[in-house]
Amino acid sequence: MGKKHKKHKSDKHLYEEYVEKPLKLVLKVGGNEVTELSTGSSGHDSSLFEDKNDHDKHKDRKRKKRKKGEKQIPGEEKGRKRRRVKEDKKKRDRDRVENEAEKDLQCHAPVRLDLPPEKPLTSSLAKQEEVEQTPLQEALNQLMRQLQRKDPSAFFSFPVTDFIAPGYSMIIKHPMDFSTMKEKIKNNDYQSIEELKDNFKLMCTNAMIYNKPETIYYKAAKKLLHSGMKILSQERIQSLKQSIDFMADLQKTRKQKDGTDTSQSGEDGGCWQREREDSGDAEAHASKSPSKENKKKDNDMLEDKFKSNNLEREQEQLDRIVKESGGKLTRRLVNSQCEFERRKPDGTTTLGLLHPVDPIVGEPGYCPVRLGMTTGRLQSGVNTLQGFKEDKRNKVTPVLYLNYGPYSSYAPHYDSTFANISKDDSDLIYSTYGEDSDLPSDFSIHEFLATCQDYPYVMADSLLDVLTKGGHSRTLQEMEMSLPEDEGHTRTLDTAKEMEITEVEPPGRLDSSTQDRLIALKAVTNFGVPVEVFDSEEAEIFQKKLDETTRLLRELQEAQNERLSTRPPPNMICLLGPSYREMHLAEQVTNNLKELAQQVTPGDIVSTYGVRKAMGISIPSPVMENNFVDLTEDTEEPKKTDVAECGPGGS
């Protein structure tokens with residue numbers, strides 16, 4: 001066997017010296033948790049220590065072999081001492097390695113600062129803002145996030161300006177967008193979810209009004225409105241109240257507000273508020289219960305209880321007000337003859353248009369109900385009817401004959417470029433009708449010679465004389481002779497009228513017989529038109545004012561017809577607004593009617609029945625027949641206009 005070579009002393013710790021110890025990093029993220037990361041893998045560290053242990057075991061085996069070979073050496077105590085020394089040396093080496101590793105970890109560990117990082121600061125500020133928000137604001141923000149998810153293109157995120165959409169401010173008077181709604185939520189301008197719902201509807205309807213139905217903005221607004229109404233429906237809001245904590249808090253805060261209001265208005269408000277709080281606690285307990293049916297039943301019971309208590313409170317308040325009035329206020333019985341027909345549930349009514357009577361079909365003042373009165377504004381489509389346009393295939397276009405003048409024998413005689421019938425059919429049409437139907441007067445002799453001199457006219461007259469055997473010239477002579485006689489007759493009539501007007505004296509200086517003659521003369525000069533006679537100057541002024549108002553109304557109607565009959569531009573869906581002339585005429589009519597109404601009593605303008613009908617008061621039929629006067633019936637004979645002179649007191 002060959003001789004074993006001993007390892008050199010420098011080779012014993014070669015692996016331990018050149019293998020670098022792994023670096024460890026200590027990271028602190030947010031809280032107090034510490035994670036350790038090492039540059040070397042854990043397997044590498046374990047392999048390092050395993051190699052050391054194997055190396056020590058290998059030494060022990062060698063020592064055992066040596067001991068077996070040194071059995072002849074006497075003295076077991078010496079062997080024990082050697083073993084103890086070696087074991088102590090091993091322990092010291094291990095302690096030294098562990099101390100060096102701890103020092104390396106301390107050198108590589110980062111310095112931990114006491115200042116918190118930036119992210120926890122921002123998160124804490126956001127939490128503070130969330131804590132400061134009311135439950136209603138949190139609920140509205142939650143709904144806004146759901147609504148904005150339905151607008152992926154962000155069409156409604158920011159306000160629309162006239163630079164983006166021309167004429168937007170003229171058409172849309174109340175703009176709305178998501179950013180404005182968020183600002184309102186931040187400023188706590190919304191008092192309920194219904195106000196947010198109304199603004200959302202306004203935003204979608206504005207986009208549908210300004211844009212045409214075929215645009216992407218119109219379709220996006222319609223889709224957003226459909227999905228948003230589902231999000232803002234009562235069922236979805238109730239489910240949110242059961243699933244989200246701050247929605248339940250929103251319900252509690254509403255009840256607390258209602259309780260404080262009722263406590264301030266009534267005498268026993270404290271008990272009522274405690275009852276409200278108990279009901280709120282019961283409802284919160286019901287919301288926590290797992291069964292949905294029990295929740296609905298509890299909510300229904302609480303609502304019924306709240307309504308009944310509210311009715312009792314209102315009844316007590318009414319009784320107390322009636323007692324405090326000292327007999328001025330009394331309870332009206334239900335079976336009274338007068339009542340409001342258009343009364344709303346909240347007690348309000350509407351004022352209708354003043355009209356004296358209700359005409360029947362066939363009467364002169366009857367106004368039939370039209371479709372525009374019963375239907376509202378068009379939600380989609382255009383505001384004008386489609387104009388009629390004849391199809392080009394239905395129009396017959398014959399060939400066009402050409403004339404180049406002299407020396408054009410070999411030129412083409414007709415042009416069939418735009419013709420849709422053959423030449424034979426065109427000749428048949430020309431032979432039947434003589435000329436083109438669109439231009440019937442182009443071949444007229446007089447229009448053809450309109451710009452010519454006298455000589456062509458003489459030639460044309462002679463040609464017509466030949467055709468009519470002299471009848472054309474005789475007709476021209478008769479026409480020339482009749483014209484001077486008519487002119488002389490009209491001149492004599494004008495001079496006679498001027499003489500009569502200058503010779504007549506003013507009507508104030510004439511007696512009754514001369515006034516009758518003057519009236520008869522006026523009737524003659526007005527060609528038989530009856531002249532209206534006034535009893536006083538005030539009546540004449542009043543009638544002139546009425547005539548002026550009638551003229552203004554006609555002008556206003558003409559201006560409106562002109563505006564509404566014009567075709568609007570294709571980029572506008574809405575109708576054009578009233579012009580300045582229409583506004584001015586309407587203001588003049590209003591002022592004239594106001595002046596006329598100030599000069600008469602209210603009974604001359606409208607009847608008692610008309611006022612009561614406008615207020616919605618129903619009156620029994622016999623009383624109604626005796627109280628109103630029909631102001632719309634036409635008279636057979638012309639009446640003289642009478643003006644009621646009223647004093648300053650209106651009597």
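Cβ atoms are placed via backbone N, Cα and C, with glycine included.
Lifted from Swiss-Prot, the feature list:
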COMPBIAS  35-45  compositional bias 'Polar residues'
COMPBIAS  47-57  compositional bias 'Basic and acidic residues'
COMPBIAS  58-69  compositional bias 'Basic residues'
COMPBIAS  70-106  compositional bias 'Basic and acidic residues'
COMPBIAS  273-312  compositional bias 'Basic and acidic residues'
CROSSLNK  K21  SUMO2 cross-link
CROSSLNK  K52  SUMO2 cross-link
CROSSLNK  K127  SUMO2 cross-link
CROSSLNK  K186  SUMO2 cross-link
CROSSLNK  K197  SUMO2 cross-link
CROSSLNK  K201  SUMO2 cross-link
CROSSLNK  K212  SUMO2 cross-link
CROSSLNK  K241  SUMO2 cross-link
CROSSLNK  K305  SUMO2 cross-link
CROSSLNK  K307  SUMO2 cross-link
CROSSLNK  K344  SUMO2 cross-link
CROSSLNK  K389  SUMO2 cross-link
MOD_RES   S279  phosphoserine
MOD_RES   S289  phosphoserine
MOD_RES   K328  N6-acetyllysine
MOD_RES   S380  phosphoserine
MOD_RES   S482  phosphoserine
MOD_RES   S621  phosphoserine
REGION    35-132  region 'Disordered'
REGION    253-312  region 'Disordered'
Same-chain residues at least 6 positions away from K389 (SUMO2 cross-link) with a Cβ under 8 Å from its Cβ, in sequence order, are none
Integer Å value for the Cα distance linking S482 (phosphoserine) with K305 (SUMO2 cross-link) is 102
Among K212, K241, K305, K344, i.e. the recorded sites, the one with its Cα nearest that of K197 (SUMO2 cross-link) is K241
For K305 (SUMO2 cross-link), the spatially nearest of the recorded sites K186, K201, K212, K241, K344, using Cα atoms, is K241
Cβ neighbour count within 10 Å, max among the recorded sites K186, K197, K201, goes to K197
K241 (SUMO2 cross-link) -> DSSP, reduced to three states, gives helix
Top of the recorded sites K212, K241, K305, K307, K344 by count of other CB atoms within 10 A is K241
Cβ neighbour count (10 Å, all chains) around S482 (phosphoserine) is 10
K344 (SUMO2 cross-link) and K201 (SUMO2 cross-link), compared by Cα position, are separated in whole Å by 25
Rounding to whole Å, the Cα atoms of K212 (SUMO2 cross-link) and K201 (SUMO2 cross-link) are apart by 18
